[in-house]
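Colleague: Okay, these came from Swiss-Prot:
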{"type": "DOMAIN", "residues": "2-241", "note": "domain 'ABC transporter'"}
{"type": "BINDING", "residues": "G38, R39, S40, G41, A42, G43, K44, S45", "note": "ATP binding site"}
Amino acid sequence: MIELQGLSQRFPGGSGEVHALRDVSLSIASGEIFGIIGRSGAGKSTLVRAINLLNRPTSGRVIVAGQDLTALDKGALREARREIGMIFQHFNLLSSRTVYDNVALPLELAGKSKQEIASTVEPLLELVGLSKLRDRYPAQISGGQKQRVGIARALASKPKVLLSDEATSALDPETTRAILDLLKQINRELGLTIVMITHQMEVIKQVCDRVAVLEAGQVVESGRVIDVFLRPQHEVTRAMIGDVIAQELPVSVLKRVESRLGNGRDHVYRLAFTGENVDQPVLAQAIRQHGLDFNILHGHIDEIQGQAFGSLAIMATGELADVRAAMDYLQSQGVVVEEIEHVV
């Protein structure tokens, strides 16, 4: 559905050119929810605006539904953009227009008749749960409801792609969950491809199928969300995952284990479980089979896209050969095992 090929974006700066994007290549499948995450200044918003050419990249190609947008003239690009809806952190609603009229605006600009507008807007208001608020003005509704108006407006032209640029960043946690549930519903019912730009790993965890991690304008890691959580490779990814699932041991735990490490018998590991392994007694089986003592230092159980995910930090005590055999057994059962050598 979306192919980004070698995108680079340079802007003039006070001390020379600023490289906002550096050779970014991504493939986003039709009908998936794809997340792009990164810290402030990583290039996320520049990238999402390159997808619909609000920012024309300095080099590279943007292909949407088989069409190279970078090769289109102004008229053809304007038509192609109707296939791409967009929602923002700030709702950009017209205060003088009602909820209904804000959603109808792009259809009015496209020259649609009142009957055509009504046949599109009314089902959209039903979809986003705003039918009863159709005659209210933006000042009379909540932030979450304003974002629902923004979503309905973005869908009015019946796009194939929806771009979300930090659309939940200004919302409280409960409203954020409701908006994310709505986006999942839209993705499921309309088959819409959604690209989520966010700095919140919690958003990625809740709704995205795959994710790309952006740092200094480059993609440093990408893959299925569950795989990235299980095996984060880049330090930026590990730090951002740590915001929602603790990866580092608490200081109080470090103090307890500090005196025992280095004796050759005590080893600290991080174990990650997913799917069926969360419910299976694989750790107990490893203890029984290899005669080890295990001490659970820290743990967390969560859910990623409806799939159970667990993380444990343990201290294994025993002969080194037995400890390694136990870890090999856990890996054979699908558990991700990482020895924490820098614990102190």
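Glycine residues also receive a Cβ, built from the backbone N, Cα and C atoms like all the rest.
Just so it is clear, the model here is predicted, and its values are computed rather than measured.
Mind mapping these onto the model and telling me what they sit next to?
Modeller: Along the domain 'ABC transporter' (2-241), the predicted structure has mean pLDDT 93.
Here the Cβ of A42 (ATP binding site) has 22 other Cβ atoms within 10 Å, regardless of which shown protein chain they belong to.
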Colleague: Which residues of the same chain, at least 6 positions away in sequence, have a Cβ lying under 8 Å from the Cβ of G38 (ATP binding site)?
Modeller: K44, H199, V213, L214, E215, V236
Colleague: Based on DSSP, name the secondary structure state of S45 (ATP binding site): helix, strand or coil.
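Modeller: In the DSSP reduction, S45 (ATP binding site) maps to helix.
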Colleague: On a simple 10 Å Cβ count over all chains shown, which one of the binding-site residues S40, S45 is most densely packed?
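Modeller: It comes out as S45.
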Colleague: For the recorded ATP site formed by G38, R39, S40, G41, A42, G43, K44, S45, name the remaining residues of the chain with Cβ within 8 Å of the site's Cβ center, in chain order.
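Modeller: Counting only non-site residues, the set is H199, L214, E215.
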